[in-house]
Amino acid sequence: MSKEIFGRIVCAFVIWRAVLFLGLLFGQKWLFLQNDFLGGGKGLYLVNPFLWSWVNFDGEHYLAIAREGYKPLTYFYFPMYPLMVRGVANWLGGSLVSFAVSGLIISNGLFLGALFGLYKLLNVDYKNLEVWRIMFLLLVFPTSFYFGAFYTESSFMFLAVWSFYFARRGKWLWVGILGALAAATRVIGIVLLPALLIEWWLQNDKKKKVNLDLFYLFLIPIGLLTYMYYLAKVAGDPLEFLNSVEIFGDQRSASLIMLPQVFYRYVFKIIPSLTSYWPVVFVVLIEFFIGFTFLMLSVLGWWKLRKSYWIFMVGGYLVPTLSGSFSSLPRYVLPLFPAFILLSHYLGKLPMVMKGMVYLTLLAFLVVACAMFVRGYWVA
């Protein structure tokens, strides 16, 4: 990667962070502060909202796991990110603030690393203009602020993107190692196994023989299996991360719910019951819109995407919906880079004026969603 490209990516990252800062200022100016789920608790939040606002909601759980280990009802959260935070925080002194700072350094640093990897991966197949449009869409996506928060999106994105990059370069041992770490970071990390098996097949179809590279791919489930073994020991249930999902609300179920039923719930139950409380309306409509958009992308992607990319996108989209809700889906889809390839493809066909309108709309939604999150309103 040339110094010029390196500098452009860093510049794009800095501008993106500046936009998030504007979202934070907008929220402080115009939105009432909610009292629940604030990073560090309301007291610490009020002392330094510029730090603790990025640790809201699930960030509190990841912070607690990093500091104190797992406790009942926290097994839903996978261990890789808290382990990284603990390692850095202990090196920085082990205070509560050092844990918060460590998590944000890791999240932002790994997202920047993911952008470098994404640029290199996209350049394998796409022209430079298309590559930058794809990356721009990712940066202005309404929930992209989670990449800079105390969440796992950036670490999973980093591991997934570089897994695919090394797969495209035929470095399968690295694929297995990074894939295993991804499977210990998010449950959808296991989707990398079928996706990268297809990638191996695409590259080895003509050889018609199995080689050692294929076996490296079966390192990927080790991340998930290790966590399941831990859960079996401490909780008595290797699937506790699935069976405890109902604690996050009545809209989620530990039983498998198929996608048509999820859409039925939204169209005939959730959306008709909306009130005039705009934060809930905003979130529910975004959930439904992204759920429908990714359904369309899943269909269209069969013809437009490399099959390994398509499997990763579809699997990453479907797995979260099996709980019966699109809640958090706007965040879960962030690392699914093939979707942004498709979005860029269709956006590129629009007239310049319409492109500009799409970009401005996404940017406005990003600022509003970011403002809501940092002030304690649920977004995803």
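Even glycines carry a Cβ here, placed using N, Cα and C.
Worth saying up front: this structure is predicted, and the values here are computed from it rather than measured.
The transmembrane segment feature in TrEMBL is assigned to 6-26 (among others).
Among the features that TrEMBL reports, transmembrane segment is placed at 99-119 (among others).
What TrEMBL records for 131-152 (among others) is transmembrane segment. Within the same chain, residues 9, 12, 16-17, 20, 23, 39, 54-56, 58-59, 62-63, 78, 80-81, 100, 103-104, 107-108, 111, 114-115, 118-119, 122-123, 185-186, 286, 330-331, 334, 337, 340-341, 343-344, 347-348, 359, 362-363, 365-366, 368-370, 373, 379-380 sit at least 6 positions outside the transmembrane segment (131-152) and bring their C-beta atoms closer than 8 Å to a C-beta of that stretch.
Non-local neighbours of the transmembrane segment (172-202) in the same chain are 78-81, 152, 155-156, 159-160, 162-164, 166, 212-214, 216-224, 226-227, 241-242, 306-309, 311-312, 315-316, 319-320, 332, 335; each lies 6+ residues outside the stretch with a CB under 8 Å from one of its CB atoms. Under the heading transmembrane segment, TrEMBL lists 172-202 (among others).
Among the features that TrEMBL reports, transmembrane segment is placed at 214-232 (among others). Within the same chain, residues 75, 78-80, 172-173, 175-177, 179-185, 187, 189-190, 192-193, 196-197, 200, 204, 238-241 sit at least 6 positions outside the transmembrane segment (214-232) and bring their C-beta atoms closer than 8 Å to a C-beta of that stretch.
Long-range contacts of the transmembrane segment (277-297) within its own chain (CB-CB distance under 8 A, at least 6 residues past either end) are made by residues 142, 259, 262-263, 266, 270-271, 313, 317, 321, 325-327, 329-330, 333, 336, 339, 342-343, 365, 368-369, 372, 377-380. The transmembrane segment annotation in TrEMBL covers 277-297 (among others).
Taken from TrEMBL, the feature transmembrane segment applies to 309-326 (among others).
Residues annotated as transmembrane segment in TrEMBL: 357-378 (among others).
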Intrachain neighbours beyond the transmembrane segment (6-26), with Cβ under 8 angstroms and 6 or more residues off its ends: 49-50, 53, 108, 111-112, 115-116, 119, 135-136, 139, 144-145, 148, 363, 366-371, 374
